[in-house]
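J.: Attaching a single structure in structure tokens format; questions to follow.
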């Protein structure tokens, strides 16, 4: 990254309308409480439509029936998505039983959706059930605060089931960072939990009155697993251990995957190394990164507002020096670390504490009772007897964690009886999609509903070329916002229009390289034809242990993205 021509620390100009909305919202209250009582519409009006995002919700509608309802002169079938705050993806079995019941009784779709940010979402919550869902979460010690919009989102933590002590320490830091960076406004408690209004002035010492310029994502990662995809995130703490004990973190800043089709001022970017810090400085450094982005991030153009753009504009050394100044530290040199993979190890793994951990593959993270595979019922039955916890992974899977030897057989029987341990090939285990249609308002093409059958066809290509047990990290995202993390895949499909995608190639298995667009706006037959040819070449020409993405770069099929701000669109 060039340091020769750093830009201004603050972007001058007319602020975006989102900044007006936040300023006028009275610390995120708006008129949400009044809007809740408006029975004339199933949605939220005006600024409240956006303000509810700070409370963990998005207003959506069923796009499959949107045109039909419009023809009948009806408003869209409004319903909310709610995303829980769940640092590190850890959820107790008591909490699981509560969310299972709510999904069954109070949502249109009856499902629980595990996300690749280690939490769960409810889709299809009608307006009348919005307040009850927040109260249900509160009753079991959960909330949805700051899981959307311009705040520090759900903090991820490697779902490492092997080194229990290290995971426990890293998870505690993920929780501490999450709590430290939460908004201080009482709006959430007043609106959803009926807590009394206190006659004090709200203050936001870290986030400020207008919060952050854009969404902000944080991870705690334990090498050698990069399961949380650190390069998709603004701020990353890479755990450094000595003798199995956590001693500090390497800090990487400025990753992010969202782009806009055709807008060359937007690009996906991997995170940059800042340095090493001892544990005692973790919260001060986290706060310093967030407040620097708060003050320097672009508030005039939301498409250019994320930390990755701030870092490129002001220069890495300038941003790093400001973080050091605010935190009162000097970063030490980066300590050695290495990533070897991103996938979850499906099946049983024994931890060093002699407890067992069962990782269940959940295709696309969608937990529902399917014909012949009652996944939702199976997990409920396991939750009723399991003494440990569940962990949601960043690959949208679920770990039944800390199972004693005496419970192992019983839990396995329940899992098998409910279709939770059906064997799948490595390719399916390493494929992922965002939700997209029918609920996401931004979706341009199918993703979750498209991926299973598309994976069948890719598996057939692998079989045809004699490598049925190989895998390629493959991801589909329904729009360029990139929730499916296709911009860190070996094969990335980015929705362009119904049935059409941009095909990106050249990422790698460990998730440290951005893939480049190979073909634009193509349909499934063209995608499969390209993959058939390239996978055939990979099978014949690859070097020992060479992944598909690395092969496409070495063979000159695609040029690697080396400096995204300058060469992503070339």
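Cβ atoms are placed via backbone N, Cα and C, with glycine included.
The feature [4Fe-4S] cluster binding site is assigned by Swiss-Prot to 434, 440, 479, 483. Positions annotated as siroheme binding site by Swiss-Prot, on the basis of similarity to another entry: 483.
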J.: Return the residue, from the listed binding-site residues 434, 479, 483, with the maximum count of other C-beta atoms within 10 angstroms of its C-beta.
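T.: Its Cβ has the most other Cβ atoms within 10 Å: 434.
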J.: Using Cβ atoms only, which residues of the same chain lie under 8 Å from residue 440 ([4Fe-4S] cluster binding site) while being at least 6 residues apart in sequence?
T.: 60, 434, 478, 479
J.: Write out, in the order they occur in the sequence, the residues of the chain not among 434, 440, 479, 483 that have a C-beta within 8 Å of the mean position of the C-beta atoms of the recorded [4Fe-4S] cluster site.
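T.: Sorted by sequence, the hits are 435, 436, 442, 443, 447, 477, 478, 481, 482, 484, 495.
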